Each structure stands twice: as C-alpha cells, then as structure tokens.
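First comes the structure, then the notes that go with it.
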C-alpha cells in the first residue's frame, strides 16, 4: 500500500496562545515495499509526521491518502479501523506499554481488537521471538520478569505478528545492546525483503540509516528539506552540517582515509562490509 501526503500541515493547540505548527505544507509519497528512514533534529516534526501515517493525527490542512482513503481533518474515526490494522507503529520505548502478565496474552491483545485469527498471529509471533533469541517457553513467561531489552523485543514482535503492510519504528533500538540491536534490525530488513513490507524508521543512528534504508527523508523545522538515497545524502557534508546531522561512522572513516592518502574510492561505503571490500580493492591496486 502507498501513502501520499498532499500539502499537509499540523498545528497543536490551534486557536490558543500555545499553538505550534509542527509540520508545514508537507508533500511526500511513500511506496510499497521500500525501506524509508526519517531523520532530523529533535523537534523537526518526525513524530508528528509518522502519527499521520495511520491517522492517529489528522491534518489541520491538506490530506493524507492511505491506500486510497483520503484522510482530512473531517474524516471520522469509524472509517479508519482498517487503516490502523494495516499500518503498525512501534513507538519509542514501547516496553512502557506492556501490561499483560504473560507474553502470550500480550501478543493476543491487539489481534483481539481486530478480530484476527489468534492461532496464526501467535504462531507468527513465536517464530519471530525464536529468531530474536528467546527460549521455546517464552509465551508463558511474564514480560515483567525480563530485561528492558527483552521487553522491547516483545513489544516490537506484538506489532510485527499482526502482519501490517506498513511498519513504522520510532527509535526501535535505543538502549539495546549491540547484539540485540543487530537481531532486531536484521529481522526487520528480512521482513521488508521477503514479505514486500514498507518500513519507516525514525532514527538518530546514522549507521542504521546508512546500512538499512533505501531512501532517506530529512526534516528540518517542520518541513522536508531532502529526500534521497543514503549514498547521495551522506555525500552532502555541507548540507548535513547545516541540518545538524552526523555522518555514519564508516563514512567518516572513509573520508579520513581519502584525505590522508589524497585519493577517492569509487563510491561511498554504507556499511563496514562495503568499506572493507573497497579498501582491499584499492590496496591491491596500490
């Protein structure tokens, strides 16, 4: 399913002395099956933008077309049930939203609200949990006896198991150890590729943005200032400084080596594996 923003603006507390325009005249198309990253400083409008993707927020002006349904400030909630099933959001620190006394009950909660087949959902959740390193008795375990990182994984799986077409992740790996972070991000990329899902990642981690995303949307002061593939984006050092966006570590390393040896690699590496290959090829030529 595709999602299209048409000149969308959103104002918090409109008509009061505290009104604030969080996003301004945003037009954006998100295509089925792609992995998008949305980046920008805190306060740039990222969270407001993603809450329009399944109509948790409705535009103050403009419209959002979600799989053919035109959402405006006049759209009634009763028309949005299907959209909210097909567009799943994992909010920042989702573990704070857990409340059931077993993983199984936690997994069942969302699907019950949408009258989904619980066996299918639980089977899918169980396989995902095994891929994330849980033991086979995980479904009967209490989330509240687990570490913060394990609770985060449970919360993420509870959304993935409902099989939404669009998966939105707001800082999903914040606070996770490196191994857990790799497990989660690799699983999400696998789901995108194998199941043709649309992934929308909000992140301050430029290493993840470079490694996993197909396209990057840059927000600044409530507007979209750039939409590009990560390789092109991270070549724009001057603009990135202006937007207060860090380079990925591997890009910094490559730039340092190019400067030190007064040379240029044929392309910008987006992950460590790419860089090692480029470096070996260059070193062999030398």
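Using N, Cα and C of the backbone, Cβ positions are placed for all residues, glycine too.
What you are looking at is a predicted structure, and each value in this text was computed from that prediction instead of being measured.
Here is what Swiss-Prot records for this protein:
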- 3-246: domain 'ABC transporter' (DOMAIN)
- 40, 41, 42, 43, 44, 45, 46, 47: ATP binding site (BINDING)
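Positions of the features from Swiss-Prot, shown on the structure.
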residue: 40; record: ATP binding site; Cβ neighbours (10 Å): 24
residue: 41; record: ATP binding site; Cβ neighbours (10 Å): 14
residue: 42; record: ATP binding site; Cβ neighbours (10 Å): 8
residue: 43; record: ATP binding site; Cβ neighbours (10 Å): 14
residue: 44; record: ATP binding site; Cβ neighbours (10 Å): 23
residue: 45; record: ATP binding site; Cβ neighbours (10 Å): 22
residue: 46; record: ATP binding site; Cβ neighbours (10 Å): 23
residue: 47; record: ATP binding site; Cβ neighbours (10 Å): 18
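In three-state terms derived from DSSP, residue 40 (ATP binding site) belongs to neither a helical nor a strand segment and is classed as coil.
The ATP site is defined by 40, 41, 42, 43, 44, 45, 46, 47, and by the 8 Å test on Cβ atoms against their centroid, the other residues of the chain that qualify are 219. Here the domain 'ABC transporter' (3-246) has a mean pLDDT of 94 out of 100.
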